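Accompanying notes for the structure given below.
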């Protein structure tokens, strides 16, 4: 609409002229005059709102010459501006007078080649200025029209009619060399209308300059394809023919939209409308002067000379480039003014402080060395805060001049090393890097002052690498010199020189830290030539592993520019099974960052089938799985490729201590963020080798792969952990009696361990000697920002002195911590700054800037005290913090249009200021119980805490082109006032916490439109104020105390005794006689029996947590209190939890709000075998009652009973085949996971609570994850019953049935699984006696211990390799600590040659324990003496059940039933274990290591090496040499295969039990698939109605047990063969027209 009004005004103005147009085509010797009007505006994309506009008007004289040349002159040029919301005529705008010099430059003639409408070379006078030549190019650009279809690249796809024509061609225009689309319409025989459109998405060259995008990567998939951010369209009226023609009028419409945040929000728009109208053609009355000294020749492309001059000055500091910049202002005085203003602003940080600091940065970017030298004395007189902000401004400016000046200040020690280190971080993001700046940094990094400070040295070299990336790396920055110069800023010789210097530094480095530092500097540089040197480091096995892993990571900045090269380097490393898992996983991680092709992915997938390393296999699978589920639009293509490759991989179950990779996505439309989490484990450490968390974002079509990342890397920290734990244990043994007895003087277990090593010639299992190291690193914008190495070389001397003789020296701690520290910290930064310079169709530059200047200051004091003072030990500490932080930040989105009369534009300001005083004290005491007390004092005066605002501003500044200016031209600013009828103002004011005496007022106003989603707040203000002093709040006190493990008598259960009260039928369900036995007594009787048994044990422990918060002062004391009391028996089978809470009444309440609740739960007796689990019901019962409210009370009682579902009991019956009570424990453990929970709730609640409950209930019914089925049903009032059934194997599927008073609701997951295993109650877990925190930690640690199971002739190793070997009458070493100082050994032998009874011996540092079954009784000897049962517990021996005995030797535990045993060992013995239980390192390929630490494939040879022969035993050589006794049964197994096997059995049994209906099945590519629904069987004697249905299949991967899978087909009634159908998750298949009959096991109907 605005364009239409503008064109109408132009038409009226031109119609009023007495034009004389008598020509039909251009002829030499004639003159043609055009009226030129150009309108340039910037504003919000809201029609009818105010804009900042500039108008240029001129009379254009054109005189054709012979030989296809024309002369052009601009005359009567005028300028005008406006800030109105509509387009005005020139006379109604504010005309701006121009100087004679400007008018003279604009009137200089030009000469250009012009043939068939195409513009060639343009000649300018020597006096011509760059800005004026670009304006004249804009006029000439409107005359260019391709009449003869020169360079046509594509013909019209449609039929060409006689009056219509369309074609494409590549054309050089003012705005770039781009594809141009033409359309011609014939109006008459000699009159045509031409339309010309520039396609900016297909440009080979654009004079566009971009800064601040060095770290972003293009995300083509993130952009909306139908959105045009730049468009320019021409409309021509032409008479004549292509050879002889005349342009009567030209209209140009151009638009540029800028989206600084997201492409869905176009916040700022620039519009250009130009028009050329022929007003005269006829005789030349005055010839245009010839172009003087016409050696200055250019093409039609925009000339970025001014922008290049700015770049060159920033890069080199040469002042000659400043003289080429129009409107240059001497910066000396301006910097003085800004510093003085900044001094006033630092007294109270406000939003204006950001603007002052941003202007200071802008001025410094044009400052010369003389300017900075002239203000030395002024800076020295300023406060430390102002000086700190000034140093930051110099670093942010980032020019050669400011960088040199800053480094000089650091060398002169005017800036502290810590502050200098922070400045180096800012220099890493220098806006326009150059070779000169890099050289300055390199010299500084080599200086003495840097070498003396480790922190400064690290920052300097990392920043040097980042600057090199800007100079020689491949970034998205576009510099002006790249548009006009063919020579690149960085040559190959320069790249090789930089990398060679860093490699030499790395090779010369003596410490591991120094080597890692220079590798990280190379990583930051991201130069392509570094790949060769990094490959040498990666492939060199002699290089330390830490350095090699860092070298792999150093390839990350080249992942998209050199993907194939990186894959060629790292794929051999990944596929080399001799490499350590840590190296291989790092290689895989980097390969996946290159977004590999399907061929590379297939290689990785095929390698998984033969992969022996558990860590590598699991990490590879989790990485591929994560990528296949990625929501990041930047990974759309790689997600598709990975999904295809992943289809052939069986699901890999991930254990807790295994490598894995996870992502969490937050995406809306094409923008969002991804949080990545990865853990890498290795076979030489129980601790993770590396833990990383990274954040990547997609905004505005740009992908920031590593916006922020934090990681922890360690190597060989296990040795430190082992020593620490051993030290703690030894210290405790000196103070406490160790299990009652110690070794006698004649019986020395330690000597027995050593003699065992000597007799079997056991070699020490020891990882290669390597000093421990830990390293925490931070990355920002894909650059290594900082890293902290922790090893013996880098620890400060002060920390080394803290530990003396294994004890902490309190005097050293007090000396460091108790000194009160007063501090004043100030800093500033541009957290985000991007600049985009684009030429407009008027030949004037338009600059889009997005930045976020931030200024912060904090004054405060910190004091730390140890209590009590002057004591040998301390029992408490006190921390006092008093500070007042001030932070102000503004996000500025600005579009500025530069013209010969100044600059106009629009900016959006989003600012915030926070001033939050902190005055708090924390006291901690642990003498008798843990007590934490925190006191927070309130402000004594009224304070403004926070202020946020957002507003659009129009601005303009007037400058003169004809002279150098000495003062900064302050812009005139005007806030855009949005129309009230379209954007009404909404004001608000809220008050909070008035009752506490600390009234907080939140007030503000915002504008919200009626019809669109556009929201723009003008000002939103938040403030906090206190009441008058006599009533004001003084402080808030929070208190917490904890006491635990206080021994007491077992109390009578109070709730569970009432579990079946008045509800005798509760939870009684119909039994399935096929696999559930009839109970001899009801559930209620069973529960009472369990309660009596628990109570009879007598001993229990109570725990208490008390929390309270209250106010001091104010009109009334406000408080809230919570007390949690717990009581558990020592085996944690029964627990009671009481929670009491209260708070003071709040607004609308007159009474105190209170909560009183109690919960009890009871575990059944732990079943030792599957048989015992099947003998009777094993239920977990819990009950909770709660009562809460103020005036009105709510009361709820919930009963929960957990049990096995019918399906799980069926599986238990099938699995109950193992005769040994011990070896069926694994199956019993899985079966002990209760998968069905019956919940019964009764309630009496207030209407408000009932309304909330109904909302939650409705949300679940409509949640998109669920498929809901609702059946109206009348049930009892105030009662809800619910049944939750988990799929028992993977626990990633569940069904929920809810019975409310009015309906029955069935919820099922809709064709998907939960991303994690759902928690379930395990009635098989047994912690032993839990009497202290130490016991809790110990019990949890044992849950993750590896286990070795030893049967009569079969052994399952710690790494889950199954093999067969005979057991002799001589002792064999099963498990042993084979380190230099062994802690334990576990041995076993047969008691007799023909019997199966075994004798076990467990040797620890303290005792030798022997167990042997004699006459159905267990004989126990300790240190050679038989001991009675009442003393077993003193030595860690206990009996569990009737047949199992348990030995706890701290580092190792053994369960033994007289025949078979299970050994569990601490994970700290990774790579230190030896014996028949294998070489424990997490891998399955090297289990058979003989006693001399040599690997062998001969199991007999392996077994003999651990056979301890003596005079008391004899080896049966015939049995020993029988080869049939030795065999690897399964080298690897996985729970997924076990699950598949179990499912096969279940499906098989289900098929046999159904005769009325059948399932559909098909087989393909190592998979057997069954339909998830059962269907009525078609009877041949009847006519069947059929319809097409979608059949969902569950596919099981075939393993080595394929015959078992195949047998399902023969057992099941599968009459339909679907082998002719491709592998699709959902198939269309005819089925009988009848209702669905549920499967015999519906909870096992897994979704595909």
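Keep in mind that glycine also has a Cβ here, set from the backbone N, Cα and C atoms.
In Swiss-Prot, the feature region 'Disordered' is placed on 1070-1092, out of the ranges 1047-1069, 1070-1092, 1093-1115, 1116-1138. Under the three-state DSSP scheme, residue 1348 (disulfide bond) falls in the strand class. If you compare Cα positions, residue 683 (N-linked glycosylation site) sits closest to 1370 out of the recorded positions 203, 237, 1370, 1513. Within the set of disulfide-bonded residues (203, 1348, 1370, 1513), the lowest number of other Cβ atoms found within 10 Å of a Cβ is recorded at 1513. Sequence-distant contacts of residue 1477 (disulfide bond), defined as residues of its own chain at least six apart whose C-beta falls under 8 angstroms from its C-beta, comprise 1348, 1350, 1355, 1357, 1358, 1374, 1375, 1463, 1465. Most Cβ neighbours within 10 Å, among the recorded positions 178, 237, 371, 683, 1295: 683 holds that distinction in the structure as shown.
If you take the Cα of residue 178 (disulfide bond) and the Cα of residue 237 (N-linked glycosylation site), they are about 23 angstrom apart, rounded to a whole number. Among the recorded positions listed here, namely 203, 237, 1295, 1513, 203 has its C-alpha nearest to that of residue 371 (N-linked glycosylation site). Taking Cα separation as the measure, residue 237 (N-linked glycosylation site) is nearest to 203 of the recorded positions 203, 1295, 1370, 1513.
In this structure the alpha carbons, written CA, of residue 1513 (disulfide bond) and residue 1295 (N-linked glycosylation site) are 60 Å apart. Between the C-alpha atoms of residue 203 (disulfide bond) and residue 1295 (N-linked glycosylation site), the distance comes to 57 Å.
Secondary structure at residue 1370 (disulfide bond), as computed by DSSP, is coil.
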